[in-house]
Structures are given as C-alpha cells and as structure tokens.
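See below for the structure under consideration.
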Amino acid sequence: ILNPVEKKLLLFFLVRKSECDVTLQGPVFIREPSNSIFPVDSEEKKVTLNCEAKGNPSPHYRWQLNGSDIDLSMEYRYKLNGGNLVVINPNRNRDTGIYQCFASNSLGTVVSKEAKLQFAYLENFKTKMRSTVSVREGQGVVLLCGPPPHSGELSYAWIFNEYPSFVQEDRRRFVSQETGHLYIAKVEPSDVGNYTCVVTSTVTNNRVLGSPTPLVLRTDGVMGEYEPKIEVQFPETLPAAKGSTVKLECFALGNPVPQINWRRSDGLPFSSKIKMKKSNGMLEIPNFQQEDSGLYECIAENSRGKNVARGRLTYYAKPHWVQMIKDVEAAVEDNLYWECRASGKPKPSYRWLKNGDGLVIEERVQLENGALSISFLNVNDSGMYQCIAENKHGLIYSSAELKVVASAPDFSKNPMKKLIQVQIGSLVIFDCKPKASPKAHCSWKKGDEVLQSSERITILKDGELQIANVTKLDVGTYTCLAENQFGKASSSTNLIVTEPTRITLAPSNMDVSVGESVILPCQVQHDPLLDIVFTWYFNGAITDFKKDGSHFEKVGGSSSGDLMIRNIQLKHSGKYVCMVQTEVDSVSSAAELIVRGSPGPPESVKVDEITDTTAQLSWKEGTDNHSPVTSYVIQARTPFSVGWQIVTTVPDVIDGKTFTATVVDLNPWVEYEFRVVANNKIGGGEPSLPSEKVRTEEAVPEVPPSEVSGGGGSRSELVITWDPVPEELQNGEGFGYVVAFRPLGVTTWIQTVVTSPDTPRYVFRNESILSFSPYEVKVGVYNNKGEGPFSPVTTVFSAEEEPTVAPSHVLANSLSSSIIEVSWDAIPWKMSSGRLLGYEVIPFYTQPLIHVYMYFIIIHANRFGNKFHFVFPAPSQPPANIVWNATESKVLINWEQVKAMDNESEVTGYKVFYRTSSQNNMNILNTNKTWAELLLPINEDYIIEVKASTDGGDGTSSEQIRIPRITSML
C-alpha cells in the first residue's frame with residue numbers, strides 16, 4: 001500500500017511513461033543468424049553472421065560464442081556492422097561453435113536463435129603405397145578407401161587404371177557414399193588393374209586421390225558359386241528428420257551376381273515418391289514423413305540362396321510453433337496468463353527468458369506446460385519475454401513484449417460522442433471507455449442528477465449505460481465519471497429523442513409488359529429535425545441513376561423517393577427495395593416487379609428424321625420471359641429462297657407445350673436449314689439459331705419444263721426450246737430432259753435425251769425435214785430415281801427458207817437533219833418458204849443497202865411496208881460523272897450532258913432506271929434535265945442507272961450506282 005507522497009511520485013512517473021509508450025517498442029528480430037560452413041582454404045578472409053532487429057529506441061547488439069560474451073573490442077578478430085558480426089581471418093580451432101545475437105533497448109533484450117559456424121576442409125591422403133589385392137575369378141572383393149581427415153560432407157568415386165576412366169556402377173559394382181569403399185560382387189578378368197579412390201568435398205569442391213590399389217587374379221583356380229553375402233547395409237535404427245531425404249544403401253557379394261530388392265516388413269506398398277537407384281543398390285525416400293517410418297528389408301538373392309538385411313527408420317521432428325506469444329499490454333495489479341505451444345517429436349519442453357536471461361520462478365511467477373502466469377502485475381514485470389521450445393533435434397524461439405502500465409483515467413484517446421440521436425421507444429447505449437490502468441470505476445449523471453440502476457436504466461460493470469424505451473423526457477446531457485487510485489476524469493454527451501420514420505406509401509408488386517413505364521412509390525413521414533436519404537436497391541445492388549438514367553429516375557418531393565422506370569425491359573424484372581435513412585433510424589419496403597415480354601429463342605433445334613418431302617424437327621423451350629409460350633412457328637431457308645420462309649407443318653398449329661413437329665411439302669434433294677420462333681400473348685420472339693443443314697432425299701421429278709417452243713434455225717433443222725427446270729425442282733442427281741417430237745399427223749414419237757439440266761434447247765438435223773413444216777413437240781424430265789411427266793404438246797415449225805432476192809428500186813429522201821426516208825419495191829414471196837417478217841435497212845455514207853431479214857422487228861417497218869424512215873442510232877457515249885447526295889428523305893442525282901456524234905441521233909432527254917435491292921424490275925423516270933430527284937427508301941439499297949433517250953432509241957447505259965441503305969429518317 002502506497003502512502004500519498006509515493007502515489008504522487010509513481011503517478012507522475014507512470015503518466016510520463018504512458019505518454020512516451022505511444023512510440024516506444026521493444027526489439028524484434030528482422031533477421032537472425034543461420035548455420036554457416038566456411039571453407040578453410042577460401043580466398044574470402046572473413047565470415048559474416050547476420051543479425052538485425054527493429055525497435056524504438058534503436059536496439060544495440062552483443063554476441064556470444066558457446067555461451068560466453070564475445071569481446072568486440074578485439075577489432076583485429078571481430079567487427080560489428082550494424083547488428084551483423086564479422087569474424088576476421090576465421091580459424092577453425094578458435095571460431096568453431098554456437099553463436100547467438102542479443103538485441104537490447106530501454107524496453108528489454110531478446111536473444112536470437114542459435115547458429116553453428118563450422119569449417120569445411122579436406123586433407124590429402126597419406127602417400128604410402130597400398131597392398132596388392134589378389135582374388136580368384138568369380139570371387140567378391142571390397143577395395144577400401146579410408147578418406148583422409150576432413151570436415152563437411154564428402155562424395156566418392158573410383159578411377160580404374162588411369163584418369164578419366166571412372167568405375168561405372170552396375171549390378172556387379174557399387175561405390176558406397178557412406179564408407180567410400182568399392183564393392184565388386186563377382187570379379188571377372190576384365191576387372192584386373194589399378195583402382196584409385198577419389199574423395200570430393202561437396203562444400204569446397206576440393207578433390208584428393210588416394211594411392212592406387214592393384215587388383216590381380218590368383219592362378220590357383222576359379223571361385224565356385226556361393227550364396228549372397230551382404231557387405232553394405234544400413235544401421236539397425238536410423239533416425240530421419242521430417243522433410244529430409246533418406247538414402248539407404250545395400251549391396252552384396254555373390255556368385256552369380258545377386259539381385260537386390262527392397263520391401264517394408266509390415267507388407268505395405270512403397271509410396272510413389274520412393275525411388276530405386278544404382279541398380280537397386282540405393283533406396284531413396286524424399287520428403288520423409290511419419291508414415292514413412294518403419295522396418296525396411298533389403299533382400300539379396302541368387303541361385304545359391306538369399307540373405308536379408310533389416311533396419312528401422314524412426315521419425316523425428318524439430319519443434320514447430322502451434323501457438324506463439326504476442327505482445328501484451330496489461331494494467332498494474334492485473335493477472336497475466338501467457339501460453340506458447342509447439343509440436344515436435346519427441347514432444348518439446350519449454351523454458352522462458354526475460355530480457356535475454358532465464359526467467360526466475362517465484363510465488364507470483366509460475367510455469368506450467370509452456371504457459372507463463374504472473375499474478376498481481378507491477379511495472380517491474382515489463383520487458384521482453386521469449387518462450388523457447390526444444391527437443392534433442394533443435395529449438396525455436398518466440399518473442400513478445402509485456403508492457404505493464406499505470407495511469408489515471410483519460411478520455412483523450414476515446415472520448416464520448418458529443419451527440420446521440422435516437423427515436424422514441426428505442427434502446428440507447430452510452431459507452432464509457434477511458435484509458436486507465438488499473439481499470440477505472442464509472443458512475444453516471446444526467447445534468448446534476450446521479451443515475452442509479454432502475455427498471456429502465458442499467459449501469460453495467462464495464463461502465464456502459466443503457467436506457468430502455470426512451471421518451472422525450474430522457475433528452476439531456478449525460479456525464480460519465482471515471483476514477484481509479486491514480487485520478488479522475490469525466491466525459492459528456494447530449495441525447496436527442498426524435499419521432500420514428502414511417503413509410504406512408506410503399507411500393508407494391510407489379511406486373512408489366514416490355515416498353516411500358518411505371519412508378520414505384522416510396523413516401524414517408526419523418527421527424528422534421530432529421531434529414532432523410534432515399535436509396536433504391538435493385539436485386540441487392542444500389543441503383544445508379546447516372547449510369548441507368550435512360551431508364552431510372554427519382555421523382556417526388558422532399559418526403560418522396562418515388563422511382564420511375566421508363567421503357568421497361570426484361571432485364572428490369574426483380575426485387576426493388578426502397579431504403580429510407582436518417583441519422584437515427586432506417587426503414588425499407590420491397591416490391592417484386594415482373595416484366596413480361598415476347599419469348600426468347602428456342603434452343604437445340606435439330607432434324608431428327610428426313611425424307612424426300614418431310615423433315616421431323618425437335619427443339620427445347622427457351623425463356624418464356626414471364627409470359628407462357630402459346631405457339632411455335634417453323635421457318636426454313638434454302639440456297640434458292642429469298643430469306644427465311646414459313647413452312648407447312650403437321651400439326652398445322654404447334655401449341656406452346658409441343659416441342660416436335662413435322663415439316664411437309666418440301667422439295668426433294670434440296671438443302672434446308674430450319675429455325676423455330678416462339679409466340680406468346682406479347683408477340684413473336686427472336687428466332688432460334690438455325691439447325692444444321694440437311695438435304696431431303698431424292699425423288700422422281702414432278703415438274704416438266706415450261707415455255708416449250710421452238711422454230712427458226714438453219715435449213716433442214718428442227719429447233720426445240722424450253723425454260724430449264726430450276727435446280728430446286730430437279731428432285732435428285734442425274735437430272736436431264738427427254739425430248740419427243742413427230743411430224744404433225746404422225747402417231748410415232750421420236751425421242752432423244754438431253755443430259756445437261758441447264759440446256760434450254762435441242763436441234764434435230766435431217767435432210768428430209770421440209771422447210772417450215774409443223775411438228776408436235778413435248779419435253780419430259782428424268783433423274784436417277786426415274787422419269788417424270790412431259791410438258792403439254794405444242795406445235796413447232798421447222799426452219800424457214802431464207803430469201804434469195806433483194807428489194808429493187810431503192811430510193812432515199814432527206815426529211816430533216818436526222819431523218820432520211822427510204823423506199824423500195826417489195827420482193828415476191830410464197831408462204832411455204834416461211835413468214836416474211838420485214839426488211840433490214842443498213843445505212844452507209846453514200847447510200848443505204850436494203851437486206852431482207854426474217855427475225856427482226858424494227859419500228860417504222862413491217863412485212864407489208866416498202867417505205868422506211870431511217871433514224872440515226874442512239875449515242876454510244878453513256879452519261880458520265882454521276883454524283884448523288886442524300887438529303888432527309890430524298891436523293892438528288894446529277895450527271896454530265898451526253899453529246900451525240902455526227903452519225904448519231906440528237907439527245908432529246910434522259911431515262912433514270914431505278915429499283916430497291918428487294919425488287920427485280922426497274923422503274924423508269926423520264927426527264928429532259930441532267931438531274932433527277934427520287935424518294936429515298938428505308939432499310940434498303942437503291943440501284944440506279946441513267947441512259948440518254950433519242951429518236952434512235954435509248955443510248956448506252958451508265959454504270960450501276962448503288963446508294964447504301966439508311967436506318968432512319970432522322
């Protein structure tokens with residue numbers, strides 16, 4: 001018990017210390033020394049052991065070697081570089097041992113883990129000669145190596161006769177990496193020679209060679225067969241560390257050469273990681289674990305017998321932390337329980353250090369199973385503590401700082417809230433958590449009234465004040481008074497009680513269609529002292545009115561947060577939550593919005609069966625978009641169709657619950673694609689992806705050629721013509737035509753075959769054919785499946801007889817600058833020679849020549865006429881430099897004027913030929929200007945060409961101009 005003066009002094013010290021403790025930190029290692037092997041013959045004349053710690057104040061360092069402090073003033077031997085220890089000109093007799101680093105500051109000391117410094121060296125073999133080894137052929141032999149003095153791991157090899165001829169290990173020869181000896185299971189004549197042991201340091205890579213050992217054969221006979229004798233074997237008990245690589249050697253002498261095999265005595269199979277090396281002379285177990293421990297057997301066997309060597313692998317593990325200690329800050333007079341736990345095999349034991357020294361056990365300080373307990377803490381217990389877990393295979397350190405503090409209550413680091421707002425009827429909680437050591441006792445006042453626990457008021461042990469079912473009468477200033485033996489402190493907060501916020505008009509569930517606009521209401525009644533914030537959530541995510549402004553908008557007054565959704569889409573289906581928040585409370589209301597739209601595309605459309613005219617289809621339903629599918633429509637496309645076409649199906653009407661149908665009335669031997677469109681009461685949806693392309697089966701053709709006709713040709717010819725049958729109506733491969741004809745009045749048909757499906761005519765030549773004789777003609781069809789129907793019979797005349805005389809009395813009279821009148825006498829003609837169709841007038845610069853023609857029809861002349869107004873031909877030059885400009889809904893076209901040559905008719909105007917990309921026939925616009933204006937179509941290209949018009953006909957056409965489609969009229 002402290003008297004008042006001592007209390008004041010201690011309080012002054014502890015308060016000042018508490019103020020400084022904010023930035024103070026005991027030493028904590030960043031880097032610790034590790035085991036090192038230093039080559040004795042290294043050119044490097046120093047070795048460095050690392051040590052670095054952080055702390056405030058900055059730590060200072062000292063080192064120990066084998067438990068004794070190192071005199072760092074011996075600068076010719078040691079140098080301290082920061083915390084690193086530099087050993088100068090290291091000596092294996094003087095500097096070998098265990099090193100530890102100590103880091104200290106005003107808060108304490110920590111000790112690093114132990115680090116072993118070793119020196120690697122390899123001395124030379126003694127130079128004495130080795131004795132000759134004499135053996136019989138077939139006998140086994142061991143050649144001893146006997147490595148020289150050394151430190152560090154070695155590897156062994158043997159030279160046969162001369163370097164670099166090394167002994168190659170196999171089933172008969174083995175070099176032990178444990179002993180260095182060379183083992184030959186059965187000596188053969190080829191083994192005779194000199195053998196030299198080569199020893200290499202794996203640390204320094206230095207290599208030394210022993211004296212040669214001669215091996216010779218004895219002359220007193222050959223060794224007979226004998227059972228295996230195991231010469232190389234592993235220990236009866238071999239400890240193996242967790243995670244290490246274990247190598248077991250086994251080799252036997254014998255005649256015949258023994259076979260080496262391995263097994264576990266418990267009969268368990270080897271894991272896949274275990275490897276056999278050196279002709280089974282070595283068993284290697286990487287990453288050794290506890291399940292790898294047990295009894296292992298090496299079996300050496302030949303035809304004379306077998307031998308077995310056994311050894312047990314035992315598992316051990318260095319300590320490994322399960323629970324490390326952490327920094328603790330405790331108040332004076334508190335109790336401390338600090339536990340550290342480690343795993344390992346054998347089970348680790350524990351000891352503790354305080355500031356680098358062993359912890360002194362006393363009545364207040366106790367250790368039990370690695371746990372440290374200190375009762376009734378005082379400031380002298382502060383410092384750096386280390387828990388050490390160790391077994392015979394190693395030890396580990398865990399470090400932490402114990403800070404014992406003593407201070408009067410202080411609210412500066414954790415002041416009370418200046419203002420607390422709650423709603424009527426709620427529970428209000430006042431925290432009172434001053435920093436104090438030991439913990440302060442807390443009491444409460446409202447204004448000047450001291451508060452006591454009652455039906456609504458609760459004061460908890462930790463100083464917290466709770467008032468239940470708050471009313472307007474509870475408004476006021478509340479003060480927490482905190483006190484311990486070192487002083488007092490207080491902190492206050494103001495309580496405001498408000499009316500609760502209520503939603504007066506909440507959103508309700510709605511069912512709408514795509515494209516509509518809706519308003520979800522959210523209107524509230526709230527305390528006027530409070531500001532409110534409306535937040536909308538869509539399917540759990542906050543609605544972003546900037547990002548989604550094209551669809552979402554917040555509407556209404558200050559007490560309204562109504563949500564308007566414009567042009568609603570399927571993606572807007574879901575749960576909408578209106579959240580209303582104030583400083584003291586929050587309320588929310590949710591509504592489900594169902595958006596119904598036309599169906600999504602059906603899925604997995606496939607053709608299950610195909611015939612010549614039918615296809616059976618199946619598909620899977622797509623999304624109905626909240627409106628059940630009422631029907632399906634099937635569309636088809638072929639290489640000959642214009643886009644997709646609705647096809648006839650069975651059933652004729654496919655209801656929304658049917659997912660298969662048969663398409664009928666298909667053309668045989670045509671490649672089809674199919675797709676399915678779903679419909680609901682909203683409308684038709686997007687079509688499915690097309691099915692795979694399928695071809696209908698072949699069938700006999702059903703459609704004969706059309707427009708069967710003929711006539712003309714040369715003397716003694718019958719010309720028969722027709723329009724070829726389109727490919728989609730040929731119904732199969734091997735399509736062709738059967739042409740049948742006979743003179744009028746004859747009953748027997750003459751038939752011939754035309755094998756090309758694209759041929760539009762057939763010419764029959766025979767000297768017996770009379771000029772202009774009538775024939776009955778019909779054309780049929782066939783393919784590989786058989787013959788189809790013939791066309792209706794029609795009459796065709798054979799070739800006519802050409803005129804043999806020319807017109808006479810040809811006269812020409814000029815009527816104008818571009819018109820000449822030509823007249824002549826008609827020629828005599830008889831109908832049996834054919835039909836005289838007219839005359840052909842050919843102009844020359846001197847005079848026109850008159851030719852009779854039979855297949856020409858010319859304006860101003862007929863077969864009865866003998867007067868002809870000759871018109872110069874139309875210009876050969878097309879309109880050039882056609883330019884177009886689109887303005888709103890029209891397109892304006894301009895071109896250069898066409899000028900006729902002297903022997904061409906004058907241009908009287910122009911014709912603009914135009915059509916859209918979906919039209920087949922041209923429309924014509926006549927104009928006498930060099931420009932024209934056309935209405936511009938929507939979503940289609942315009943194809944345009946221009947010709948000059950004259951009395952001699954239309955001139956040469958310009959190149960086609962394509963005006964690309966537009967997507968809107970805006």
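The backbone N, Cα and C atoms fix where each Cβ goes, and this holds for glycine too.
Automatic, uncurated: that is what TrEMBL annotation is.
What TrEMBL says about this one:
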DOMAIN    33-118  domain 'Ig-like'
DOMAIN    123-210  domain 'Ig-like'
DOMAIN    228-314  domain 'Ig-like'
DOMAIN    319-403  domain 'Ig-like'
DOMAIN    409-498  domain 'Ig-like'
DOMAIN    500-588  domain 'Ig-like'
DOMAIN    601-699  domain 'Fibronectin type-III'
DOMAIN    704-801  domain 'Fibronectin type-III'
DOMAIN    874-970  domain 'Fibronectin type-III'
REGION    685-715  region 'Disordered'
Distal contacts, the region 'Disordered' (685-715) - CB-CB under 8 A, six or more residues away: 598-603, 605-607, 610-613, 615, 617, 619, 622, 625, 635, 637, 644, 666-679, 721-725, 729-733, 735, 737, 761, 763, 771, 777-792, 794, 796-802, 855
Maximum Cβ pairs under 8 Å to the domain 'Ig-like' (409-498) - stretch from the list 33-118, 228-314, 319-403: 319-403
Most Cβ pairs under 8 Å with the domain 'Ig-like' (228-314), selected from 33-118, 123-210, 500-588, 874-970: 123-210
Mean of the pLDDT scores, which run from 0 to 100, over the domain 'Ig-like' (319-403): 93
Stretch contact, the domain 'Ig-like' (319-403) with the domain 'Ig-like' (33-118), Cβ-Cβ under 8 Å, 3+ pairs: yes
Secondary structure tally of the domain 'Ig-like' (409-498) (DSSP, helix then strand then coil): 3 helix, 48 strand, 39 coil
Composition by DSSP (helix, strand, coil) of residues within the domain 'Ig-like' (123-210): 3 helix, 36 strand, 49 coil
